[in-house]
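Over in Swiss-Prot, the protein carries these features:
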- 266-277: compositional bias 'Low complexity' (COMPBIAS)
- Asn452: N-linked glycosylation site (CARBOHYD)
- 288-337: repeat 'Hemopexin 1' (REPEAT)
- 338-384: repeat 'Hemopexin 2' (REPEAT)
- 386-434: repeat 'Hemopexin 3' (REPEAT)
- 435-478: repeat 'Hemopexin 4' (REPEAT)
- 90-97: motif 'Cysteine switch' (MOTIF)
Amino acid sequence: MQNLPALLLFCGVVCSAYPVDRAAEDENNNMELTQQYLENYYNLGKDVKPFVRRRNSGPVVEKIREMQKFLGLEVTGKVDSDTLAMMRRPRCGVPDVGDFTTFPGMPKWRKTHLTYRIMNYTPDLPRDAVDSAIEKALNVWKEVTPLTFSRTDEGEADIKISFAVRDHGDFNPFDGPGNVLGHAYPPGPGIYGDAHFDDDEQWTSDTSGTNLFLVAAHELGHSLGLFHSADPSALMYPVYNVLADLARFHLSQDDVNGIQSLYGGPPSDSSNDPVVPTESVPPGPGTPAACDPTLSFDAISTLRGEFLFFKDRHFWRKSLRTLEPGFYLISSFWPSLPSGLDAAYEETSKDIVFIFKGNQFWAMRGTEVQAGYPKGIHTLGFPPTVKKIDAAVFDKEKKKTYFFVGDKYWRFDEKRQSMEPGFPKQIAEDFPGVDSKVDAAFEAFGFYYFFNGSSQLEFDPNAKKVTHVLKSNSWLNC
């Protein structure tokens with residue numbers, strides 16, 4: 001036991017030194033993170049590296065201040081806890097330097113119709129979910145510009161989209177899970193215009209992992225010529241912002257201003273624009289209030305990238321172009337339609353909205369009723385016992401329409417124009433958690449939204465489960 005004092009002395013020295021060593025190691029890691037971040041995103045020269053440990057080094061402090069200002073942090077010139085937390089968040093791999101919302105020289109496409117090709121797929125999602133996320137991401141920019149997009153499955157394309165890990169041949173390697181989510185190149189030939197996504201991330205259609213739609217909409221903004229924005233509410237802000245409710249997604253005014261500085265606004269005379277009154281209906285006695293906590297909807301449909309929520313004689317129109325929904329009379333848009341609709345859905349490939357009331361339905365393109373309508377709902381294949389439709393939703397990936405009646409549903413094949421055999425089925429059987437009658441339904445962002453009274457259920461068709469319970473009027477900013 002004579003060596004015990006020496007052993008205790010040794011342990012005391014080591015143990016007391018350990019926190020100091022750990023603190024020094026943390027400090028070293030923080031400095032390395034800062035150095036790398038400033039080199040990657042703020043053009044800090046690699047020859048400045050010896051100065052990074054000198055806290056008052058002019059080049060480093062100025063770059064830290066530049067970063068803090070751009071990212072909306074308190075400008076201290078010091079690597080404080082907020083700055084460290086921001087640097088550790090997932091983000092885009094495109095640098096932030098510059099006081100502009102477009103790339104230097106404002107590169108842009110010299111045409112308004114662009115092609116895109118999905119070169120490969122992530123194993124994290126079904127192929128149709130990836131296709132849908134990319135299409136929706138491009139539609140975000142299509143809504144506010146004259147740009148149109150078409151997909152090709154072979155040959156060259158203006159924008160090539162791919163998933164890759166680590167070094168993938170563009171001298172801009174990915175870094176594994178977290179940190180850099182993707183990067184893209186400004187308009188031009190060859191690799192320019194292409195968007196790459198780090199396949200070490202866990203890509204999802206919801207917010208349980210990294211949402212592919214949100215990241216793709218950002219990266220494709222780069223493919224169209226946009227640089228990063230210093231506005232934290234902008235889609236083009238470099239750091240990934242998770243939205244608790246994807247239904248509330250909209251472009252910021254900064255995003256709109258940036259893309260329209262390159263391409264202008266959408267053509268006002270486009271046949272693809274809904275013809276809707278420019279002025280909303282003023283609220284008055286007897287008109288439904290958007291933020292009434294008991295508000296329910298008669299029917300809901302999409303229309304050329306917008307959302308229409310029908311109630312009695314009125315409807316709300318929600319667009320990605322504007323934050324606030326408009327409120328209109330149905331008769332001002334569709335003079336021949338009745339009020340108090342039962343169901344509606346858009347068949348996007350035909351540019352037609354089908355609207356149901358009682359035992360009849362109408363096919364509308366723009367404001368025009370199509371020839372031969374209204375028709376009886378039994379021409380679709382419903383039995384005589386079905387007197388009306390409660391709700392309908394079109395799955396544009398499968399080209400199927402789901403019709404809900406009471407606690408059952410039918411499925412209609414839009415390609416074959418016939419009701420599928422084996423129906424009706426119980427709603428709860430194939431839509432677990434959707435146990436009550438469905439008043440209205442539609443599809444958006446890869447989810448089905450089922451409405452009953454003042455509540456709505458967000459349903460993931462891939463996972464076959466309800467992911468959120470929301471108020472029906474959450475789409476109206478309530």
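Residue positions begin at 1 at the first shown residue.
Cβ from N, Cα, C; glycine included.
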When secondary structure is assigned with DSSP, how many helix, strand and coil residues does the repeat 'Hemopexin 2' (338-384) contain?
7 helix, 21 strand, 19 coil
Over all shown protein chains, what is the count of other CB atoms within 10 A of the CB belonging to the residue listed as 'N-linked glycosylation site'?
19
Mean pLDDT for the repeat 'Hemopexin 2' (338-384), rounded to an integer?
92
Secondary structure tally of the repeat 'Hemopexin 3' (386-434) (DSSP, helix then strand then coil):
4 helix, 21 strand, 24 coil
